[in-house]
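**Student:** My questions all concern the structure below.
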Amino acid sequence: MSKNKLSKGQQRRVKANHQRRLKTTAEKADYDDNLFGETSEGIVISRFGMHADVESADGSVHRCNIRRTIRSLVTGDRVVWRPGKDAADGVSVKGIVEAVHDRASVLTRPDFYDGVKPIAANIDQIVVVSAILPELSLNIIDRYLVACEAQDIEPLIVLNKIDLLDDDGLRFVNEQMDIYRNIGYRVLLVSSRTQDGLKPLEAALTDRISIFAGQSGVGKSSLLNALLGLSEDQILTNDVSDVSGLGQHTTTAARLYHFPHGGDVIDSPGVREFGLWHLEAEQITNGFVEFHDYLGRCKYRDCKHDTDPGCALREAVENGKIAESRFENYHRILESMAQVQVKTRKNFSSSDD
């Protein structure tokens with residue numbers, strides 16, 4: 001069966017109609033340039049939906065729309081934006097984010113549906129907050145450190161609530177923290193309640209953009225209150241429950257704050273816990289920095305660094321070169337990753353039925 005060909009005139013009309021539809025779609029999808037002023041530099045201090053709060057060079061904050069051509073925008077991004085002009089009838093038009101500068105770093109977390117999701121940009125360091133209450137867990141600290149190493153962002157370990165320790169307890173905690181000091185990590189002991197140790201922490205935060213990570217109940221919000229000089233109703237905080245020993249997480253959206261002593265912090269609920277299930281086993285291994293000198297020295301190339309004969313890592317543990325707790329936590333992380341990955345595959349396969 002032969003097909004009727006369009007005449008040249010019909011082809012021109014089809015093309016014109018197509019271009020008109022594209023133009024109409026583009027006009028509906030974005031914003032009129034005449035509604036906005038000159039371009040300026042700014043930083044995103046909060047992002048929600050198709051809007052962002054942008055701080056200009058003079059410190060003023062502007063609620064902005066976001067160009068649909070911008071595929072990714074998160075708190076901490078440095079942007080080019082334009083303020084809105086007064087429209088007809090005195091209606092004020094929001095500003096608009098025109099472009100995003102290249103990121104020096106981006107903090108991401110795994111998402112079961114969206115893959116790896118960015119949550120903050122241009123971070124200089126991740127403050128890993130732990131505490132002796134609800135529990136001092138070296139396993140959790142090690143998980144955060146692996147995540148920091150995988151993202152190539154410098155960590156700072158902060159142990160909160162040291163005011164609850166007696167002399168023997170403080171001695172024990174320092175012995176535990178020496179494990180991390182001895183492999184090059186910075187460790188600070190503080191109390192948000194008594195403000196002990198806050199001066200060294202302020203110095204470590206000055207002139208840097210930091211983000212606080214840690215489980216609920218370790219006192220992240222209380223620590224931020226003390227560092228920012230804010231009252232408790234400005235950054236909400238809940239005391240640890242006497243019954244469960246667990247605090248309640250109260251922050252709901254990532255936001256950038258300025259420290260009075262200099263430096264910035266991004267407070268985000270997205271970094272309460274870093275999932276590691278998206279990482280390869282090799283990335284977990286490389287996340288333990290003290291392993292590096294021994295990798296490649298095992299007797300067998302496919303060494304699992306467990307009970308394998310001739311394992312250089314296990315030999316280093318037996319010789320006191322690698323902390324036994326770190327080696328054990330390494331295997332715990334690998335085991336938990338395998339369990340989550342199996343569960344994830346099952347969930348996705350069942351959802352495809």
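Every residue, even glycine, has its Cβ placed from backbone N, Cα and C.
Feature table excerpt (Swiss-Prot):
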- 1-24: region 'Disordered' (REGION)
- 10-23: compositional bias 'Basic residues' (COMPBIAS)
- 104-274: domain 'CP-type G' (DOMAIN)
- N160, K161, I162, D163, G214, Q215, S216, G217, V218, G219, K220, S221, S222: GTP binding site (BINDING)
- C298, C303, H305, C311: Zn(2+) binding site (BINDING)
**Student:** Spatially, and counting Cα to Cα, which of the binding-site residues is closest to S222 (GTP binding site)? Options: C303, H305, C311.
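**Tutor:** Given the candidates C303, H305, C311, the nearest one is H305.
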**Student:** When DSSP is mapped onto helix/strand/coil, what comes out for C298 (Zn(2+) binding site)?
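**Tutor:** Reduced to three states, the DSSP call for C298 (Zn(2+) binding site) is coil.
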**Student:** Distance between H305 (Zn(2+) binding site) and N160 (GTP binding site) at the Cα atoms, whole Å?
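**Tutor:** So the Cα of N160 (GTP binding site) lies 33 Å away from that of H305 (Zn(2+) binding site).
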**Student:** For G214 (GTP binding site), just give me the three-state DSSP call.
**Tutor:** coil
**Student:** Specify the nearest of the binding-site residues C298, C303, C311 to I162 (GTP binding site), where nearness means the distance between Cα atoms.
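**Tutor:** Nearest by Cα distance to I162 (GTP binding site): C311.
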**Student:** Give me the Cα-Cα distance between C298 (Zn(2+) binding site) and N160 (GTP binding site), rounded to a whole Å.
**Tutor:** 39
**Student:** According to DSSP, folded down to helix, strand and coil, what is N160 (GTP binding site)?
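**Tutor:** The residue in question, N160 (GTP binding site), is strand (DSSP, three-state).
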**Student:** Tell me which of the binding-site residues K220, H305 sits in the most Cβ-dense spot, judged by other Cβ atoms within 10 Å.
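**Tutor:** The residue with the most neighbouring Cβ atoms within 10 Å is K220.
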**Student:** For the Zn(2+) site (C298, C303, H305, C311), what does the 8 A shell look like? I mean other same-chain residues with CB within 8 A of the CB centroid.
**Tutor:** K299, Y300, K304, D306, D308, G310, A312, L313, R314
**Student:** Based on Cα distances to C303 (Zn(2+) binding site), point out the closest of the binding-site residues G214, S216, V218.
**Tutor:** G214
**Student:** What residue among the binding-site residues N160, S216, S222 has the most other CB atoms lying within 10 A of its CB?
**Tutor:** N160
**Student:** Give the distance between the Cα atoms of V218 (GTP binding site) and C311 (Zn(2+) binding site), rounded to the nearest whole Å.
**Tutor:** 37
